[in-house]
Amino acid sequence: MSGYVGVVVSDPWLQSQFTQVELRTLNSKYVSVKNQNGKVTIEDLPPLFAKLKALSATFKEDEIKGMLGELGSDTSTDVSFEEFLKIYLNLLSKAAEKSGGHHKNSSSFLKACTTTLLHTIYQSEKGPFVQHINRYLGDDPFLKQFLPLDPHSNQLYELVKDGVLLCKLINVAVPGTIDERAINTKRVLNPWERNENHTLCLNSAKAVGCSVVNIGTQDLAEGRPHLVLGLISQLIKIQVLADLNLKKTPQLVELLEDSDDVEELLRLPPEKVLLKWMNFHLKKGGYKKTVSNFSADLKDAQAYAFLLNVLAPEHCDPATLDAKDPLERAELVLSHAERMNCKRYLTAEEIVEGSSTLNLAFVAQIFHERNGLNKDGKYAFAEMMTEDVETCRDERCYRLWINSLGIDSYVNNVFEDVRNGWILLEVLDKVSPSSVNWKHASKPPIKMPFRKVENCNQVIKIGKQLKFSLVNVAGNDIVQGNKKLILGLLWQLMRFHMLQLLKSLRSRTLGKEMTDADILSWANRKVRTMGRKLQIESFKDKSLSSGLFFLNLLWAVEPRVVNWNLVTKGETDDEKRLNATYIVSVARKLGCSVFLLPEDIVEVNQKMILILTASIMYWSLQRHSRESSDSSSTQSTTTTCTSTASSPAPSVTEEEEVSSLSGEVTSLAVGDAVSEITTVSEEASIE
């Protein structure tokens, strides 16, 4: 492990307000404005702060200059880095106040792809989160010795430090995500075991749709409150919104009005569907307003009163709507909900305060308990809206991968969300920096159809420059939502990204491109170095379905990560499934960011098999690169010996093995995308 410490701040409280990613970014900005004397003054700060994303949407440079002038100091006064951080926090707090406490970066759910620089998560939200944990994990065989937690104490932040609780909570949000056999669950874990749990947690959180771009394993090991609460809130949100789609709840089709299209409902994110459901019932109940958020529009509790009267008239209390005091009305609403068997998720005070996090969870809880939708023939066709299983799995994989990149947009449905081209341009900018001409791009909302086509045409143009196979593919195909073409394009993007990551670590290849054959040969050699005879001929090799090759590969790159007592022979379908589930969790525990499902291994989905193998290779080469760097910087014999002893697999020849394969050529993965896109293009031209 690296001995890197990061940016250190002498004030522990101040240090706790930022992640290392944030501190490094802010330190870089601070250093960039130093004058010739190596100093930073107050007058240097307004232009800098005005460019920071967390402040630029709220304040102009002149406003920031005025606020800094209120500090009462001479503008030529030197500002230390710690003073810079304190001033920044003060400005963030003013930004939150100006936007009514709901600054775009202050969401306690850590909305996808936003920065955590502004962590204004109300401490009161911790209580409901703790109650949620007590409710869903209270009977867990391992955690029941620590539960229930006291909502008024800091027990939560202590318990998360070993990583077990968060891993278990991920499985509550999306059952089966983590093979719990891979979680280290001894009562006392050593630092290495705790780090493995946190790594497994973060990679699994990404795999269910959480944004963790600013959270590291060390943040969880230290139990940093704002980051812990942010991650927990995302998991709770995913859990409570899981059924807000036509596939899980086909009755939702009842929400459609005559002018609405099913496609319109399909493209709505879950929270928007929940609002649509709420307004549907409010309209039936005679409520005159439209609820557009889970905060200000619910503060007076009137919408809640109307909603519950429609859903559960048998528990209606006339005093609720007659109440003049919002707090009193909120209390009566909660009593009504309890009579419906909705346990209290928030307090009357939190309704009146407008906590969007807790209100969303409460409305979702009401939906689950009693959605008030009819079960008749009207929604029967929604149940028949079945998609190809492999298409659904691929869409899920690409959606999660895109959301893990840290782009500004968030993808809810790949086939709908990429049609204006903007998200694809954001992805291209991530995987191939500076490839996008933003002057010729249109940002959503885009009203003019030709602007969408322009965006998509640029996507196709860049794809061809990157040597993607896009024969007879035009931007309009994306705008029209051609699923096969979109999947083919996304596969090439994902593969290109992985190969670029691998290429960046191969210093001995002299710029030669990485190929699929390189990855295949590396995997076979790695397994062979451990004395195993298992070898595969391609990423379509049917023997891969047993899972044994991948378990041996994982064991070869890090022997301690595989517990062979948990491995089956992989002969029956059940044994293959057990091995595949274990492989996915072990890979994530190791540090691989993978989005495939166990079924992809059992069925030998060659695309996902390639990405899994490449991810393991990337982790192995990355560790070798890091160890080589540490060894070079320390020039210590002791360190070198320790590094060698801790890595049984010979890592010295890691890059030599790979570079020796550079002459091997393959078109395995590209060919698959080529044939898929070419076939669809031909079909389109025939039609």
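Glycine too: its Cβ is placed from the backbone N, Cα and C atoms.
For Asn35, Asn37, Lys39, Asp44, the entry in Swiss-Prot reads Ca(2+) binding site, with the evidence type sequence analysis. Look at Asn35 (Ca(2+) binding site): DSSP puts it in coil. Listed in sequence order, Thr41, Asp44 are the same-chain residues six or more apart from Asn35 (Ca(2+) binding site) with CB atoms under 8 A from its CB.
The compositional bias 'Low complexity' annotation in Swiss-Prot covers 630-652.
What Swiss-Prot lists as domain 'EF-hand 1' is 7-55.
Among the features that Swiss-Prot reports, domain 'EF-hand 2' is placed at 59-94. Secondary structure by DSSP for the domain 'EF-hand 2' (59-94): 23 helix, 1 strand, 12 coil.
Feature annotation from Swiss-Prot assigns domain 'Calponin-homology (CH) 1' to 123-240; the stated evidence is sequence analysis.
The feature domain 'Calponin-homology (CH) 2' is assigned by Swiss-Prot to 268-371. Across the domain 'Calponin-homology (CH) 2' (268-371), DSSP helix (H, G, I), strand (E, B) and coil residues number 69 helix, 0 strand, 35 coil.
Annotation comment: Swiss-Prot describes 392-498 as domain 'Calponin-homology (CH) 3', evidence class sequence analysis. As a whole-number mean, the pLDDT of the domain 'Calponin-homology (CH) 3' (392-498) in this prediction is 95.
Residues annotated as domain 'Calponin-homology (CH) 4' in Swiss-Prot, with sequence analysis given as evidence: 513-621.
Look at Swiss-Prot and you will find 123-371 tagged as region 'Actin-binding 1', backed by sequence analysis.
The feature region 'Actin-binding 2' is assigned by Swiss-Prot to 392-621.
Per Swiss-Prot, the feature region 'Disordered' maps to 627-664.
Taking the mean position of the Cβ atoms of Asn35, Asn37, Lys39, Asp44 as the Ca(2+) site, the remaining same-chain residues with a Cβ inside 8 Å of that point are Val33, Lys34, Gln36, Gly38, Val40, Thr41, Asp78. According to its DSSP assignment, Asp44 (Ca(2+) binding site) is helical.
Of the recorded ranges 59-94, 268-371, 392-498, the domain 'Calponin-homology (CH) 4' (513-621) has the largest number of C-beta contacts under 8 angstroms with 392-498. Summary for the binding-site residues Asn37, Lys39, Asp44: the Cβ-based neighbour count within 10 Å is maximal at Asp44. Across the range of the domain 'Calponin-homology (CH) 4' (513-621), the DSSP-based residue counts are 74 helix, 0 strand, 35 coil.
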